[in-house]
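Only one structure is covered here, and it is reproduced in the block below.
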Amino acid sequence: MAKEIKTIGVLTSGGDAPGMNAAVRAIVRTGITKGYRMMGIQRGYNGLINGECYEMNVRSVSEIIHRGGTILYTARCLEFKTQAGQSKALARCKELGIDALVVIGGDGSFMGARALANQGIPCIGIPGTIDNDIACSEYTIGYDTAMNTAVEAIDKLRDTTQSHDRCSVVEVMGHHAGYIALNVGIATGALAVLLPERPFDFERDILARMRQTQVTGKKHFIIIVSEGVISAQELANQIQATTGVDSRATVLGHIQRGGSPTVRDRVNASLMGYHAIDLLDKGIYNRVVAMSGDKIVDYDVNVALSMHKTIDMDMLEVANSISI
Ligand SMILES: Nc1ncnc2c1ncn2[C@@H]1O[C@H](COP(=O)(O)OP(=O)(O)O)[C@@H](O)[C@H]1O
Ligand SMILES: O=P(O)(O)OC[C@H]1O[C@](O)(COP(=O)(O)O)[C@@H](O)[C@@H]1O
Ligand SMILES: [Mg+2]
């Protein structure tokens with residue numbers, strides 16, 4: 001027998017991602033249409049522990065579909081990782097009458113949702129992270145916007161890099177995940193793309209590729225490095241010292257996390273938000289919403305968290321074959 005749900009809470013957690021607002025909008029409006037009381041919880045699990053929340057109506061989510069960031073704010077909450085923190089959150093749900101929760105965030109946030117689900121609060125996870133590193137889903141909200149933001153910035157860097165016959169080393173985000181780097185590398189025609197999934201070899205990945213292309217007359221170089229592989233500045237210094245090519249480092253950083261979401265992020269966020277409420281409404285609990293092909297699907301949270309996904313190394317081969 002499905003538990004009776006009257007009030008649904010929604011929160012955003014972990015790194016913000018463009019399109020989170022579109023998801024919140026879809027969740028709140030679908031929930032209200034289906035007759036639920038909707039509560040916005042601020043600052044992720046911190047807000048759940050502290051009771052920072054407010055009832056939302058259809059107008060609470062007006063004028064946000066095009067805005068980056070999250071109107072609910074977000075946070076990383078260490079306390080919630082502890083049993084004591086989770087017990088406080090559970091007590092707060094009971095006090096506020098929150099019967100179920102929709103969590104928009106990454107893999108860490110879903111582990112938090114599972115902890116609450118295990119204590120009787122039905123939870124639905126929605127993948128919201130620019131990194132696209134949610135194993136069960138081919139796509140995460142914010143990923144498309146972040147890549148487009150990075151491409152726009154790197155196109156600008158290309159102009160100045162070419163004008164000075166320089167090498168630009170550009171660091172993009174992607175905590176342990178090279179999806180942004182690989183796609184952005186192909187989209188910007190980068191000479192080399194360094195991914196966390198592949199051990200870095202300075203001679204093979206940089207020097208050999210520069211020499212090969214210099215023979216054909218190329219004098220400027222763009223190198224994309226995913227955060228954590230090597231510091232962009234350190235790599236630029238090494239390239240300049242070894243090849244004599246004037247080199248500069250650019251860390252795109254949190255620029256990639258902001259800005260108005262793309263069509264793809266707005267549409268997927270809206271579909272996923274609707275799907276999350278539809279699941280709860282059907283009495284289907286403790287699922288993670290995901291994309292498979294262009295379809296919205298869902299997985300049991302335990303299954304979702306045990307899945308693995310691998311980056312398509314054939315795409316690196318394509319990048320390396322074309323950027324010569
Ligand atoms: N193992 C865990 N158990 C319970 N809660 C967790 C766990 N891991 C992460 N969380 C909660 O989720 C929040 C966001 O996780 P984090 O990994 O920083 O981001 P993301 O969800 O984007 O991957 C953490 O600050 C914490 O409150
Ligand atoms: O917000 P912070 O603490 O600077 O975190 C930066 C990290 O957040 C991200 O932007 C997104 O990661 P999550 O989605 O897992 O939170 C990573 O690419 C990056 O490593
Ligand atoms: Mg994460």
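Glycine is treated like the rest: Cβ placed from N, Cα and C.
All annotation found in TrEMBL is predicted automatically rather than curated by experts.
Annotation comment: TrEMBL describes 8-280 as domain 'Phosphofructokinase'.
Per TrEMBL, ATP binding site is recorded for GLY15, ARG76, CYS77, GLY106, ASP107, GLY108, SER109. Under the DSSP three-state reduction, SER109 (ATP binding site) is assigned to helix.
Close to ILE27 (ADP binding site) in the fold, though at least 6 residues off in sequence, lie ILE8, VAL10, MET38, VAL102, ILE126, GLY273, TYR274, ALA276, ILE277, each with a CB less than 8 Å from its CB. According to its DSSP assignment, ILE27 (ADP binding site) is helical. The feature ADP binding site is assigned by TrEMBL to ARG25, ALA26, ILE27, VAL28, ARG29, ARG158, LYS218, LYS219, HIS220.
Its Cβ placed at the centre, ASP107 (ATP binding site) has 19 other Cβ atoms within 10 Å. Here TrEMBL flags ASP107 as Mg(2+) binding site.
If you look up TrEMBL, you'll see THR129, ILE130, ASP131, ARG166, MET173, GLY174, HIS175, GLU227, ARG248, HIS254, ILE255, GLN256, ARG257 marked as substrate binding site. The Cβ neighbour count for THR129 (substrate binding site), using a 10 Å radius over every protein chain in view, is 30.
In the three-state DSSP assignment, the secondary structure recorded for ASP131 (substrate binding site) is coil. The feature active site, proton acceptor is assigned by TrEMBL to ASP131.
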**Prompt:** What is the biggest Cα to Cα gap, in Å, among THR129, ILE130, ASP131, ARG166, MET173, GLY174, HIS175, GLU227, ARG248, HIS254, ILE255, GLN256, ARG257, the residues listed as binding substrate?
**Reply:** 33
**Message:** Among ARG25, HIS175, LYS218, the binding-site residues in question, whose Cβ has the most other Cβ atoms within 10 Å in this structure?
**Reply:** ARG25
**Message:** Same chain only, sequence gap of 6 or more: which residues have a CB within under 8 Å of the CB of MET173 (substrate binding site)?
**Reply:** ILE130, ASP131, ALA146, ILE180, SER226, GLU227, LEU252, GLY253, GLN256, ARG257
**Message:** Can you give me the same-chain residues 6 or more apart in sequence from ARG29 (ADP binding site) with a CB-CB distance under 8 Å?
**Reply:** VAL58, VAL61
**Item:** GLY106 (ATP binding site) to ILE255 (substrate binding site) - Cα separation in whole Å
**Value:** 19
**Prompt:** Listed binding-site residues: ARG29, GLY106, ASP107, GLY108, HIS220, ARG248. Which have a CB under 6 angstroms from an atom of ligand 3?
**Reply:** GLY106, ASP107, GLY108
**Request:** Using ARG76 (ATP binding site) as the reference point, find which of the binding-site residues ARG25, THR129, HIS220, ILE255 has the shortest Cα-to-Cα distance to it.
**Result:** THR129
